[in-house]
Each structure stands twice: as C-alpha cells, then as structure tokens.
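Listed in TrEMBL for this protein:
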{"type": "BINDING", "residues": "48", "note": "Ca(2+) binding site"}
{"type": "BINDING", "residues": "311, 316, 490, 609", "note": "Fe cation binding site"}
{"type": "DOMAIN", "residues": "1-87", "note": "domain 'PLAT'"}
{"type": "DOMAIN", "residues": "57-609", "note": "domain 'Lipoxygenase'"}
{"type": "SITE", "residues": "72", "note": "site 'Essential for stabilizing binding to COTL1'"}
C-alpha cells in the first residue's frame with residue numbers, strides 16, 4: 001500500500017496547519033510526478049488560497065519519496081511536482097515544461113510573480129514607521145537648516161545603539177574615519193599604494209609630520225603602510241540641480257597611513273582628479289573645518305558609489321540576474337536549482353519594491369548629490385568594471401593588497417565565511433557532478449551560466465565571467481561567489497547603514513577650492529535641510545531593519561533534498577557557521593566598536609531587504 005502525506009498551510013488569519021493522509025491499494029510504479037489540484041468547487045471563507053509545503057510518498061517497501069512544493073494554490077489550480085532527488089533532464093518527461101522561462105523576461109524591468117509575499121510590503125511600511133518616529137520629533141519635512149553640530153544627534157533619538165553612540169562622539173576623529181574604510185558599509189574601495197598616481201602630487205614635506213618620526217613617505221610606501229582611495233569613477237558624473245544650480249560631485253583622492261598604533265589615518269585629500277591652484281591638497285594640519293569639509297566630500301562620493309555600485313549593482317541587481325536565470329533554465333528537480341533557490345528568497349520582490357520606492361527624481365536616491373541620472377550613470381560605469389575575480393573575496397583582498405592590514409574585521413570574518421561556503425558548495429556540487437564530463441553534458445547548467453554572462457555582464461569578455469562550464473571546479477567557484485554575494489556580502493554592505501554626520505548622500509555647497517576660508521557655519525551650510533537629512537537617515541535605518549520572517553544563512557526551512565548525503569552536508573555547513581558565530585561574538589566582546597555584520601547569526605540567507 002502506498003501512503004501519501006500532504007501538508008497544507010492555510011492562508012487565513014489563524015495560520016492553521018493541517019496534515020492529510022491518502023492511502024491507495026493500487027500499485028503506482030515508479031513515481032516521477034505528482035499532480036495536485038485544489039478543488040475548483042470548494043468554497044470556504046478565507047480559504048481561497050492554500051499553501052502546500054510538501055508531499056511525502058511512502059512505498060510498500062517503506063521508502064519515503066519527498067515531493068517539495070512550497071507554493072500557494074488558488075481554487076482550481078493544478079500543480080505538478082517532481083521528486084526531491086536532485087536529477088538532471090529526464091527523457092521520459094522531457095516534453096513537460098518545468099522551468100519558469102515563460103514567466104520571466106530579460107527585457108522587463110519588473111516581472112509578474114505568481115504570489116507576492118507580504119514581506120514585500122514591509123519595505124515601504126517600515127519607511128513610513130521611521131518617518132513617523134521623526135515626525136514626532138518635529139523633524140520630518142522640516143525646511144530649516146542645522147543650527148549646530150550637536151543638534152544633528154537628535155536623529156539618533158529613536159535608534160540608539162552602542163555603535164551609534166560611539167559614532168556620535170567620534171565621527172570627526174581621523175582614526176574613526178580611517179576605520180570606516182575597513183569596517184563600515186563600503187570596505188571595497190581602498191588599496192595598498194605602491195606608488196602615487198601622477199595626478200595626486202603629494203610630497204614628503206606635506207605629510208612627513210603625520211608619519212612616524214624619522215620616516216618618510218617613500219619609506220612608508222615601501223613598508224606597505226600607505227593606502228589609496230581613488231574615486232576616479234565619479235569623474236564627469238552629472239550632478240543634479242538644486243535651486244536651478246548644479247551641485248558638485250567630488251571625484252576625490254585620499255591617502256591613508258597605517259601608523260605604529262595600527263590605526264589607519266587620512267593624511268592627504270585632493271577633491272578633484274586633476275591638480276590645480278583651485279584644487280589644493282588638504283592636510284590634517286589645515287584648519288579643523290577645512291579638513292572636516294574635505295573628509296565630508298570624500299565620504300559623500302563614497303556613499304553614492306556604495307549605494308549605486310557596491311550595494312545595488314553588485315548585490316541586488318546581479319543577484320537578480322542569477323535568480324532569473326535559475327528560474328528560466330533550471331527545473332525545480334535540478335540539484336543546482338535546489339541549492340540556489342533558498343538564496344534568492346525575496347530578491348526579485350525587494351528589487352521591484354526598490355525600483356518604485358527609491359528611484360526617480362523625487363525619491364531618496366534621486367535626492368543625492370548626483371541625483372537620479374547621476375546614480376544611474378554610476379551604475380552603468382560600475383557594471384562595466386565588474387570582474388568575476390573582484391566578486392570573489394579572496395581574489396579581491398589579494399588584488400588590493402590588504403591581506404595583512406590589522407583590525408580588518410570585514411576581511412577576517414569574510415574570508416572565514418568564504419571558506420565555509422566554498423566547502424559546502426564543493427561537497428554539494430561534487431556529489432551531483434562526479435566528473436568534469438558530467439558538467440559539460442548538463443545542457444541546463446550551460447544555459448544557466450550563458451544567460452548570466454549574456455544578461456548579467458552584457459557579454460563583456462573582459463569581466464572574466466564564464467560563458468560556459470567545462471570543469472567541476474568552475475561550477476564550485478561560481479556558485480560559491482553567488483551564495484556569498486547574495487548572503488554574506490549583502491549583509492556587509494547593507495546591515496550597517498545608519499546616518500553618520502561625516503557622510504551624507506547630499507551636500508549642498510561646493511567643495512572648498514582654497515584653504516582658510518571655512519568655519520563651522522560653512523560646514524553646517526553644506527548639510528541638507530533638517531527634513532532631508534532625517535529622510536535619508538530614515539531610509540538607511542530601514543535598510544538595516546531585521547524582520548520577523550528572517551531566515552539566517554545556512555537555514556533551509558523548505559526541505560528540498562531527499563538524499564542522505566546532501567542533508568548531512570547541510571548539517572556540517574550549519575555547524576561550521578555556528579562555530580564561526582561563537583568566535584566572532586567572543587572577539588567582539590573585546591572591541592570598542594564590534595563588527596557584527598558578518599556574524600552568520602546576523603546574515604540573511606538572501607537579499608530580502
């Protein structure tokens with residue numbers, strides 16, 4: 001006798017769960033498909049949709065066959081389910097369509113999903129809640145300018161944390177400024193400086209007072225203690241208009257020095273790419289407000305590049321191409337589909353919501369210094385420079401010469417995480433692909449990577465993205481990158497977003513062109529109005545929110561694998577993540593500013609916000 005156990009989760013206010021058992025005396029033979037239909041004639045209040053979790057078929061021999069579903073079903077809808085074993089194309093059912101290529105189209109900016117989960121609506125509603133909090137303080141939509149620096153602390157009133165308290169006290173400090181390039185939301189831009197670029201004529205006389213006594217700029221470069229931030233990508237970005245006048249996008253350069261106390265300190269800043277009499281090199285010995293303004297304009301450019309390139313382009317939108325190609329090319333029974341689909345949870349949903357909520361001339365990103373057109377141009381430039389190796393953390397750290405920088409927690413935690421993810425992916429992929437020949441013969445896998453190459457990096461061969469796979473290790477490398485980027489890396493560039501006064505998406509005054517002409521009033525005039533400042537702060541808070549339905553990295557509540565070995569691989573993955581979390585927690589207990597963003601317990605499995 002074959003026994004079927006079907007678990008339905010009702011979509012109603014009580015979230016009622018029921019299990020049904022169906023028995024038959026008939027022999028069913030080898031089970032390839034199960035067809036499931038919600039009774040078209042049933043009518044019950046609040047039950048016009050059901051959520052089917054899974055079907056488990058028990059054979060007369062006692063074997064259990066898993067048929068994952070995890071779909072919402074409407075009245076009269078028919079769903080075909082395939083078994084939980086990771087299988088490739090099966091000739092006996094090859095005429096059936098088990099991918100979603102007809103629902104997802106590459107040239108659409110949004111797509112129609114079968115069921116939009118309520119999580120999508122958390123984004124605008126949470127934004128409203130943060131705005132509401134600020135309204136209570138009389139700040140939201142205020143057209144007033146800031147009267148003094150101390151008043152800016154008001155925006156932390158409802159969102160105080162140990163980190164925000166530290167930031168409010170130390171945001172002007174040079175050592176905290178350097179720390180931000182290592183462990184804040186954009187740790188992807190500095191590199192070790194082996195020689196100064198010709199357009200950044202910093203002399204030894206300029207910076208020697210800030211170096212170790214008796215040393216020189218040349219010696220510190222040779223020791224590997226000099227680092228460069230070069231925002232040449234910003235050069236020529238068109239700014240938006242404010243009061244019919246163009247604002248100023250700053251494609252600056254910043255030189256940083258790792259001192260004997262292992263602190264990364266800014267020692268020289270040039271705010272435009274080409275040196276000139278109206279483009280001086282600012283130094284820590286300049287007036288307090290000159291130096292503060294120079295640092296603020298560097299961070300303004302850094303934040304715009306972070307949001308448009310590092311956050312949106314390299315995680316959200318490249319993640320979208322991985323997800324869409326998976327839905328179009330890999331059937332639900334395919335082992336790579338089963339491996340990846342939990343890591344795409346809500347990616348499409350949140351991207352659709354973000355396009356409506358964030359983009360546009362009057363939306364938050366449109367209010368940045370670069371404005372809507374400038375941010376879009378930054379995304380174009382950022383995508384054209386994307387390389388596969390730069391998306392692989394070990395390669396990126398090596399290429400930027402940052403392997404030995406102390407107190408670089410983003411690197412330390414990230415490399416450990418990368419290795420854990422890589423071991424997990426390697427075990428999974430090698431279980432299903434014992435040889436390179438198995439990879440070459442998998443036409444569905446080849447179509448998957450080809451569409452990512454075509455639509456993700458627009459067939460840019462210089463990107464180093466594979467067009468096809470010929471070896472198992474290539475599949476392992478690529479899937480490791482995908483899972484790491486949509487989980488851990490997104491957490492690193494997303495979860496630490498909150499307003500820091502030295503970094504605003506919008507600055508209203510032009511950068512200084514001469515020294516000695518600024519004061520604190522000049523600094524305050526560069527800030528946006530109170531209302532715009534708190535609106536930006538509110539947006540950043542929403543990005544860092546945690547939701548009740550969060551699924552942390554390595555947790556797979558939807559059971560999709562039916563074989564014993566993949567289940568054991570998942571358990572080992574979870575155990576390694578747990579040990580890393582314990583290590584990070586112990587380390588953080590000793591830090592003034594804990595680095596929590598790559599703690600596996602804080603990382604979401606996918607890009608869900």
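The count begins at 1 with the first shown residue.
Quick reminder: no glycine exception, Cβ is built from N, Cα and C everywhere.
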(message) Long-range neighbours only, meaning 6 or more apart in sequence with Cβ under 8 Å: which ones does residue 316 (Fe cation binding site) have?
(response) 347, 350, 351, 354, 490, 607
(request) Go through 72, 311, 490, 609, the listed recorded positions, and name the one with the sparsest Cβ surroundings, counting other Cβ atoms within 10 Å. (result) 72
(message) Suppose the Fe cation site is 311, 316, 490, 609. Which further residues of the same chain have a Cβ inside 8 angstroms of that site's Cβ centroid?
(response) 312, 315, 319, 350, 493, 494, 543, 607
(request) Give me the Cα-Cα distance between residue 311 (Fe cation binding site) and residue 72 (site 'Essential for stabilizing binding to COTL1'), rounded to a whole Å. (result) 31
(message) I'm trying to understand the geometry here, so how far is the Cα atom of residue 609 (Fe cation binding site) from the Cα atom of residue 72 (site 'Essential for stabilizing binding to COTL1'), in Å to the nearest whole number?
(response) 22
